[in-house]
Each structure stands twice: as structure tokens, then as C-alpha cells.
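Below: the structure, in C-alpha cells.
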Protein chains: 2
Amino acid sequence: MAVDNKENIKVFALGGVGEIGKNMYVVEVNEDIIIIDAGLMFPKEEMLGIDKVIPDITYLLENEKRIRGIFLTHGHEDHIGGLPYVLRELSVPVYGTKLTLGLVGHKLTEAGLIEKVKLVEINSNSIIKAGDTKVTFFRTNHSIPDSVGVSVHTSKGAIVHTGDFKFDFTPADGKHADMQKMAQLGENGVLCLLSDSTNAEKAGYTGSETSVGHKISDVFYESKGRVIIASFASNIHRIQQILDAAIANQRKVAVVGRSMENVVRIASELGYLSFPKEQIIDITEVPNYDDDKVAILSTGSQGEPMAALSRMARHAHRQVQIKHGDTVIIAATPIPGNETSISKIIDLLFRAGANVIYGQDVVHVSGHGSQEELKLMLNLMKPKYLVPVHGEYRMQKAHADLAVSVGTPRHHIFLVEKGDVIEIKDGHARKGSKVPSGDVLIDGLGVGDIGNIVLRDRRLLSQDGALVVVVTLSKGKRKVLAGPEVITRGFVYVRESEELLVEANKVVSKVLDGWMSNQGHEWSSLKAGIRDGLGQYLFEKTRRRPMILPIIMEV
Amino acid sequence: MAVDNKENIKVFALGGVGEIGKNMYVVEVNEDIIIIDAGLMFPKEEMLGIDKVIPDITYLLENEKRIRGIFLTHGHEDHIGGLPYVLRELSVPVYGTKLTLGLVGHKLTEAGLIEKVKLVEINSNSIIKAGDTKVTFFRTNHSIPDSVGVSVHTSKGAIVHTGDFKFDFTPADGKHADMQKMAQLGENGVLCLLSDSTNAEKAGYTGSETSVGHKISDVFYESKGRVIIASFASNIHRIQQILDAAIANQRKVAVVGRSMENVVRIASELGYLSFPKEQIIDITEVPNYDDDKVAILSTGSQGEPMAALSRMARHAHRQVQIKHGDTVIIAATPIPGNETSISKIIDLLFRAGANVIYGQDVVHVSGHGSQEELKLMLNLMKPKYLVPVHGEYRMQKAHADLAVSVGTPRHHIFLVEKGDVIEIKDGHARKGSKVPSGDVLIDGLGVGDIGNIVLRDRRLLSQDGALVVVVTLSKGKRKVLAGPEVITRGFVYVRESEELLVEANKVVSKVLDGWMSNQGHEWSSLKAGIRDGLGQYLFEKTRRRPMILPIIMEV
């Protein structure tokens, strides 16, 4: 690698800052573009009908030739979920650990892309040449195994991305975070650190995953009936501990829920889960065992209505129904926005007669480090510059405040939005220009075709529905041949609103008459007149504003 | 009052059980019907376009002649918000404390009902004759002053409703809960207790309101700039402490937000708030003072986008903009469901440069008692039967478990849903028949006209929009005179989807041709054919399912 003291270094985020989700970070060293992660985000409440959101990669498409690879920190959706879409447009190699690539491979196979993509397996000791730039890795602890941080080496120090991390000194899989490597990086010089801000507002330390294992074992021991445990499918540490607890307490384990079944399969094939084959039984075999000899591992820990746990609670699951005597462990805390659905499912479970372990007694720890751990990372890395990432603005800000308390000068900390470029030259950083960035909404098969106009219309329709007014006019003579006909959905209950709709029809007729007596008018003014007149009438009568769609047919 | 050992006693809820909101409870003693509270509920997420929800009062309308009055426990919306609707249909007197009636009066005046309603002021010592039944009251602590519990006396003991309560031993207004009266009721015999389950899942005690006052004073003292504090308008204790802290720290107070201005006005007129006149300044005068001499009391503590705090944060408020150096106190915790909007506004405030006090450091205590306080109430009242109310099912269940731990026999505790009647005869209670109950949805001016069909349609429209297909046919000859014309909203971005819509048109034409060549077919089968054919085509192409509205005009 040429030692060039005048490297042009750029660091920016295309997703994952000012938001939680769709992480995508870019480090440029001269002509080498290194992408870190390519995640998706689940739609926000106001994104009606939208399935997923991915980062706008316009900049990457414009600079495709310089991209050396996508380096994945770990296998969570908000870090790999965007790959099927990104890899349709970019032909670049993808680097990741074994488990991460196992999950990616499954995704790309489903998307029909597996043949076209070059997947390169790395581990925490790998050294990758990305163009002229050296990239290395270091192991971290997170709520999924095989997670790494990424270091991009330059002559003035490393640009380090922590990935998602916590410090778990008693990790469930025995794989400790590589603090020695982190300390070494700090010793050699970290020019810029991009660090996980998710729990920057939380004081103290995040608990160890093994503490959860102990709690689960206690519940398996004490419960007199079946134990159903709902967890994030991706938390393989958690699944391993559940299996261990089951073995220790002579409970067979049945797995329900597609994503859970997938993860258990992939993880055991790749060696990330280990258990005696006979420990796992099919869900249909559950009735063959005494209740206190059974545990059910299920999806639906966020109260998702279509996932297994909710269906079992509502007696809508073909094989399992929640019954009196069951103990249900919700081994998760609400992802922001999901509080209501989790609340609902807890209610449903109680109504179904279960004893539910949740809330204050929750059997769960976060996968993200709290304040003390973020400060520990800063002390190990001793970065010259800090860019708090993976968080809403307030989390980035809280992280910045932590760094100041640790000794990082305030002007060496950058609170960036998507697209803000940090330019580092000769070891000095400053905020540079912006690159294109934004949200790309995915609805069904459409990628990016839904924008503000369509969303605005969906919002209006969701509030007061729609009213369609159709009139058939004769060409030229402007005689009304048919209609006006008024059809409505989502506005009023038609059977009980006949009078209102009859009156509405009269209002339209009046507008029509007025328009026809005024020769030379365009249809556009007729439509506007109908919208205004009818809109005003309906608002007076109902205080509602349905979307009004006037349609003129000409015969 | 005749002593009749064979009183027919019924106890049930028309709202407020299995949910938080629209509290309405009914106690019947022979021919006397006593209603306790008449609240509203804010719409749940899936109730698109709905403004408010009130209880179904069919039962009360059918038995109007027996209703002796509506007895209000306190002035919160979920206890009085339904009155304007209920009192349009029922002519019954309303009993409440001075502040409660002050807030009710304001509401009825806005609804044009004030002349028609008999409002009777009571205090905690009042004795009311409701038909042949004696009703008394006792003071409680809550997050609004002048809150009471209600006792309905029978020969076998009292039916007691706690209202919303906590036990605050250092109440901000110095008005202690009347524990002596509660103990006396327990001594004389409480046949059945309806008790507030809101915080039944929370261990320990709820903190005292005065602890919040201390924190506020500290913040007012330490902040170098302006302090903006957002609080529930109804929490008059809180407002008093804010005013006291302002006086102690030489800060003038400006009040922003309509509901806050209303409450401050009503509460001070009635003597529930006291402050030197010059302590409160108009919002327009704020720039005339140094930043550290100003406090702003604002609405919007739940992140409501239209309330003052959000507008100030977005620089959309005419008089005040949040600026760097401001300290903002969010003196509230999220009402379940509001977590996302509070999260958003905290982010907005940080971006605007404010220092925000929230989350772990929140300056707030609940108005509802936690587990120890609920057990205290049970120990004071020593009820024979318990009906946990004011809560979701899981809160009612947690409350039941608490009562069992205190010594109440499990079979003496009733977990009721709306409409479940508890019949008590000769001192013995059992679950009886049901009365009609349910949700009445209010949208604009319409009360109860929106039901499942309209909501389902709004939901469909919100997901994938609508596609309207219009065809004009000739009478009889079934010739296509105009169309098909396809108009769409909320489905695709029209300008970029021309090809799709052209193809969609062809699909419809094909269906039309098929239908016309098949003589004797009804329009209904043509419409069905269009819906199916077009629906299938669009789903194949887009994986979306817009609502398809075929309209046939006949000329």
C-alpha cells in the first residue's frame, strides 16, 4: 500500500443516522469506495401501505466503478436487508462472517440473485485489500453471533466502524469481544471512529446475555406447565440458551414461526447452534408430552399479529393454542413504535389464561452498549474524531456529550445527517459538501415509485374515505346524458346515509347546471366546481373531508 | 331509606374495563340507577379518521326513567368527555365537585347544552339522596384536584368506587386523601369495591407530586436560559408547583396552548390556582425579559404535532421558537401508544438546540397508585367483593392477584368486560346476565354512524389506494359509448406509471368484450369481472391490491 500523506478521505452515512434502521456507511480513501452495511428500515407510521424502506444509493450508482466492496458488520435486517435491492443495481463483492453470509445467502437465493453475487467470507483476523486500501476486522459482542467492527486503514490512522456492539464479559457463546485488538487500534491511532449510539441515553451497563440464560432456566424449572418463549429469531445466543435450559430441565423444544425455523436451520447447519438432535421436536408432537416436559420457541415477540405467538393467543394457530397453565416469556423489549402491539398481545395472552413474564420482570437484555460501554469503547479506541452513528439525533447527541465527558474535544465530534460528508485531509477533518441521500420506499414490487403525493393521498383516504362523482355529457352539446352518480367508500355507512347522498347528488346537479349555462368553460373548471361545492356541503353536514373525485365522461 | 334486606343490586361497566378510557360505571339498587362517570376514549390506531370513542348507552336509554344521576369522580376527559353526547340523549342531573363541574360547564357551554343540564355541586361531605339510595363521597389524591370516590349505600354494605387514585402523603395542595373516611367505610362494611387498576403492574409506591415540584424548582434554578415546561393541562397541582417554582426563581410565566390557557383560567377563577397576577405574562411579552427570567408553560407533552410544543420546536409557532440555550422539561410519560410522537418531539427539540429533560430523568409522577397503594386501599376498605376497573385486562388481572395476596378470596374477585353484570342479592354476588355495551365512534359530526365496514374500507384505501374504472354503455344495445376510463389515487405515481395504466385499461376492455358477447348478464357480473380481472393483473404487476371501484353509466 502506497504511503500517501495526501490521502483524500471521506466519511458519510447514506442511512442509519437521524434514524434507527437502514444502516449504510461509506468510507472513501482516494479512489477506493468502501461500503459498510446495506440495511433496510421498517416503515414509519405515516408511510401507509409501504413494506420497507432502503437508502437512496444514487451516489453509489454514479460512482460504481470505484466501489471495492460491501463490508457487513453482522446479519441483522437493518444491516443486510437492503442487499437484494442494492445488488440488483451494483455489481460489487460482499464481505461478511460465516453466519452473516449464511443469512445473506438465504436472502439472495429468495431474490434470485445468488448466482450473480460474489460473497467473500472473512473472519476477525482477515486482511482484505480493497483497491489500494487495507481493511481489517475485530470481534464484537452483539445480540447475534459473528458480529465484527470494520477498520479502514490510512496513513494518518484508521477509520473504524464499531458495528453494533455491547461489552459482554460473560458472553453466551464464550466468544469475547476482541478488546486487545481494539486497544491496539487505539494505540496505533484511530483517526475517526463511527460508533453505535443506540443506547447512548441509558446510564450504566447493559446486562450480560448469560444473565438471561439463568432467568430462562429458572422459569423452565419453576413452571408447572408448558413454557412458550417468544424471542427475536436472529438472537442465536438466546436460542442456544433456551435449548440449554430446556436440556437442563428435561423439556423438549418445538420451534414455531417461519423466521425462527429458518434461523435455527441455518445456524445449526453452520455450527452456531448445538443441541442433541432429539431435543427439538415437531410442533405436532407437542401433545404427546406432558406439559411440564415441553417448551415452545416462537416468533412474535413484538406482538406482530401474523406471527406465531399472536395466532396461538387468538386460537388461530393450527397446531398450538395458548391455554390455562401455560407460562409465556416475552423475551424482548418493544422496538420503539411497537409498544401498543406488545401491550395487546400481553393482554390476549392473559385472557387466554397464560401467566406472562414481561415488563419489569422481562427476560431480556439489549444487544447495544449503554453509556459506560460507549465510554469504554472511546477509551480503547482513543479516536481523534468521533461520528456517532446508528441512532436518532438525540442518541447521536447523547453520545457526543459522553465523548466530551471522556475528553474528546467538542469540535472533533460530528453530528451528521444522511449525506453529510466529513472530509479528512492530512489528518484534519471538516464537514464538506453533501451527497444525494434519502428514503426509497418499497411497496409490493415497486421500488421508489411511491413518493409524497401517493402517501398524502393514502393519508387523506384513510381519514375520511373517498367520494366519486361521475357524469356523462354529450359531446359539444353539453347535455347531461347520465348521472350525476355518487359512489362512496370509507366516508359514511351508505345504508344509513341515503338522505345525505341524495342531497349530495343535488349539489352536484346544481354545479353542473351553473357550468353548462356558462358557455366556454373547460372541464377543469367543472371538476373544480364539483370538488368545491360538494366538499363544502359535506363538511357542513358531517365535518368530514372525503377525497372527492369528479369524473366526466363524454359521449 | 327503607331497610330492605332483599335489595336487588347490580354493578357493571359500560366503559373503562378491558381498556383505558371512556369510563362509565353503573350501580343499580332496586329501582335506582346510579351512573358513575361518563368519559371518552381517544381512538385506537386502527380506528382511522375517528375523532373520539364513547360508550354505547343503549341500556341507559332503555332505562332512562330509573336513572337518578351521573356522579363524577373527577374532571379528566376519560371521565367527563362523554357528557356532551350522553346528555343530548339523557335528561339526568350531574353531580360533581366544584372544579369538576367547572370543567364540565365549559364543555357543555361549547356544546350548547349548558341551559338544559342540571349541575349539582357536591363536596366530600355531601350526602345525596338518589331516589331511595344514599350516595356519599370521600376525597382522594389524583393528578387533578377535587377528585373523589363514590359510595352507594345499601343495607348489606356500601358499593364503593374509588375513582382514579393514588396515596400522596405530601399532596401539593395540602389536601390529603380522606383515609379516616375510607377506614370508616371499611369498618361499616364495603360490600363491593370498584378500584383503579391502571398501575396494578407496577411494584412499589407512586412518588409524591411534591417531589416533582422540587425537581422543577431545581431546573428553574440551574438553567441559564429559558425553561419551557410541557405538562398535561389538567394537572393543576403541577401547574401550581410550576408557578411556585417560577416565583421562587424570579421567572415570569407565559402560558401557551389553548387547553392550558383554558385550564389556568378556569382553575384560577374557581380558586384552585393561586399566584400573584403579575407572575403570568402574555406570550408576546416574553422577548422583553432576559432568558433566565422566563418560563413557558406549554401544551404538547405527548408530542402532539398540532400542540404548542411541537410547533415551537418546528419553528411553526407564531410567537415562540425553541432556540439554543433553552431547557425543555417534558413533564409527562407517554400514554400507551404515544411513545413514537414523544420520541419525535424530543428529537425535534434537540435539533432545535434545546437541552431536554426526559426519559430516565423525567420530571413527573403518575396520578395512579402502584401496587402498594392498591393494597393499602384494599386494607382500608376490606371489601367483600372486588371488581378491578379502569384498566386493560392484564391490569385488572394484576390487581386481582394483588387482592388475593392481601387475603381476598379469588372467587370474590370479578374480572369483568363491558356489559358483564355482577348481581348482588342478600350480600352474595355472582356474575349475571349481560347488558348491551360497546364502542360508539365519533367522526366529525357523526356519532355512531361509522362502523366496521367504513373502517375496513379506510384501512384498504390507506394501504394501496383506489382505482376507479368508469364505462358508459348504451341502454339495451350494450354498446360501449365511452371509456373504460381508469382514474387512480394513492396507488401509483401516475406520471411514472402510464404504461401500467394503459395495460390496465386493456384488461378492462377485454373483460367488457367478454361480458357483452355473453348476453343476459347482469351489471353485477360485469363489475365483479372487472374487479377480479383488474385486481389479478395489478397484483401480478405490482404486488399491490388497490380498492377497485367499477362504475357503469347507462345512457
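Note that Cβ sites are derived from N, Cα and C of the backbone, with glycine treated the same way.
Because TrEMBL annotations are produced automatically, they should be read as predictions rather than curated entries.
Marked as domain 'Metallo-beta-lactamase' by TrEMBL: B:21-214.
According to DSSP, B:Asp51 (Ca(2+) binding site) is assigned to coil rather than to any helix or strand. What TrEMBL lists as Ca(2+) binding site is B:Gly49, B:Asp51, B:Asp443.
Non-local contacts of B:His142 (Zn(2+) 1 binding site) by the CB criterion (under 8 A, 6+ apart in sequence, same chain) comprise B:His74, B:Gly163, B:Asp164, B:Phe165, B:Lys166, B:Gly367, B:His368. If you look up TrEMBL, you'll see B:His74, B:His76, B:His142 marked as Zn(2+) 1 binding site.
What TrEMBL lists as Zn(2+) 2 binding site is B:Asp78, B:His79, B:Asp164, B:His390. Applying an 8 A CB threshold to same-chain residues 6+ apart, the list for B:His390 (Zn(2+) 2 binding site) reads B:Gly16, B:Val17, B:Ile20, B:Asn23, B:Asp164, B:Asp196, B:Ser197, B:Thr198.
Under DSSP, B:Asp196 (active site, proton donor) is assigned to a strand (E or B) in the three-state scheme. Residues or ranges marked as active site, proton donor in TrEMBL: B:Asp196.
B:Ser366 (substrate binding site) counts 17 other C-beta atoms within 10 Å of its own C-beta, drawing on all protein chains shown. Here TrEMBL flags B:Ala233, B:Ser234, B:Asn235, B:His364, B:Val365, B:Ser366, B:Gly367, B:His368 as substrate binding site.
Sequence annotations record features per position, and here TrEMBL assigns active site, proton acceptor to B:His368. All chains included, 22 other C-beta atoms sit within 10 angstroms of the C-beta of B:His368 (substrate binding site).
Restricting the average to the domain 'Metallo-beta-lactamase' (B:21-214) gives a pLDDT of 97. Cβ-based neighbour count (10 Å, all protein chains) for B:Asn235 (substrate binding site) stands at 25.
For the recorded positions B:Asp78, B:Asp196, B:Asp443, counting C-beta atoms within 10 A of each C-beta gives the highest total at B:Asp196. Using Cα positions, the member of the binding-site residues B:Asp78, B:Ala233, B:Asn235, B:Val365, B:Ser366 nearest to B:Asp51 (Ca(2+) binding site) is identified as B:Asp78.
Ranked by Cβ neighbours within 10 A across all protein chains shown, the binding-site residues B:Ala233, B:Val365 are led by B:Ala233.
Taken residue by residue with DSSP, B:Asp78 (Zn(2+) 2 binding site) is part of a helix. With a 10 A radius on its CB, B:His79 (Zn(2+) 2 binding site) counts 29 other CB atoms from all the protein chains.
Ranking the binding-site residues B:Asp51, B:Asp164 by how many Cβ atoms sit within 10 Å of each one's Cβ puts B:Asp164 at the top. Rounded to a whole value, the Cα-Cα separation of B:His364 (substrate binding site) and B:His76 (Zn(2+) 1 binding site) is 17 Å. Following the DSSP three-state reduction, the secondary structure of B:Asp443 (Ca(2+) binding site) is strand.
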